[in-house]
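A.B. asks: Starting off with a structure, shown below.
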């Protein structure tokens, strides 16, 4: 029993981390008024570029930087279309998901001359320096540094949004951009900052999947985690802490299905077990979404002339 609990707890943290990091980024973006559905594609591109960087240089941290960079680039495209041009945010970001999916597929064949999966590459070492810590050292040392970076990002996002003038301006742009503009706040700049930060975190989460948790890129490895992150934002009531906790809840469901799969002679069909995290997530969302109200202007284009339209 203790082994089962230990397995599920550790797996929950590993599986929940990429969703949680992405969810924190999505929260920041939506707080400024921009919905970034493209985080699913950003995670995929981040995972691919992380492997590519590690493959080219032998240093997985170079891959992480490339993943973050591509996240910024894709988010900048989304920001330009939705903020500067006033385009539909859902259409813009979903188009980028399709673009990212195609790019990764073509990139695998053009660069690695393989379909579906890249060669194995160097991965980020675990935090072995934590092993000497009494009682918990052996547990803490098994995690990627990106797990701890995710916790720092959570704390930083909370401080940014709720404790700094910049964060309060960003939140104002998501609630009432016309009033924010009247107060002298550059709504476009605040929204651009939010969507770019979501790209940074989405790219980092993708890198965690490929060089922090595994040692390769595989088509479909994001497996809807970007969309789950958006669900975590709603469950978390558009707060970084709430989104992070909701993401770990999704990670728990995933960990449970993995544990059931390794039980010898399990009577539960394999296909049914794989449905557990997605079905459970839908049920939890349905139970928690009642009364959830996001930023008033989130997802709505804004211009100085006509305001939110």
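Note: Cβ is positioned from N, Cα and C throughout, glycine not excepted.
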A.B. asks: Pick from 143-162, 163-182: which range has transmembrane segment per TrEMBL?
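C.D. replies: Of 143-162, 163-182, TrEMBL gives transmembrane segment for 143-162.
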A.B. asks: Which of these ranges is annotated transmembrane segment in TrEMBL: 95-112, 113-130?
C.D. replies: 95-112
A.B. asks: With Cβ distances under 8 Å as the criterion, find the stretch in 33-55, 95-112, 192-211, 275-293 that has the most pairs with the transmembrane segment (143-162).
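C.D. replies: Highest pair count goes to 192-211.
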A.B. asks: Do any residues, 6 or more residues outside the transmembrane segment (243-263), come within under 8 Å Cβ-to-Cβ of it, and if so which ones?
C.D. replies: 4, 7-9, 11-17, 19-20, 22-24, 26-27, 154, 228-229, 231-233, 235-236, 270, 273-274, 276-277, 280-281, 284
A.B. asks: Six or more residues beyond either end and a Cβ under 8 Å away: which residues meet both conditions relative to the transmembrane segment (33-55)?
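C.D. replies: Long-range Cβ neighbours of the transmembrane segment (33-55): 18, 22, 25-26, 62-71, 74-75, 78-79, 82-83, 89-90, 92-101, 103-104, 107-108, 111-112, 118-119, 121-123, 173-174, 177, 187, 191, 194-195, 198-199, 202-207, 209-211, 216-217, 221-222, 224-227, 229-230, 295, 297-300, 302.
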A.B. asks: Okay, the transmembrane segment (275-293) and the transmembrane segment (61-83): do they have at least three CB pairs under 8 Å, pairs separated by 6 or more?
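C.D. replies: Contact absent: fewer than 3 Cβ pairs fall under 8 Å.
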A.B. asks: Given a Cβ distance threshold of under 8 angstroms, which distant residues of the chain, six or more beyond its ends, lie next to the transmembrane segment (95-112)?
C.D. replies: 37-38, 40-42, 44-45, 47-48, 52, 55, 74, 77-78, 118-119, 217, 219, 226
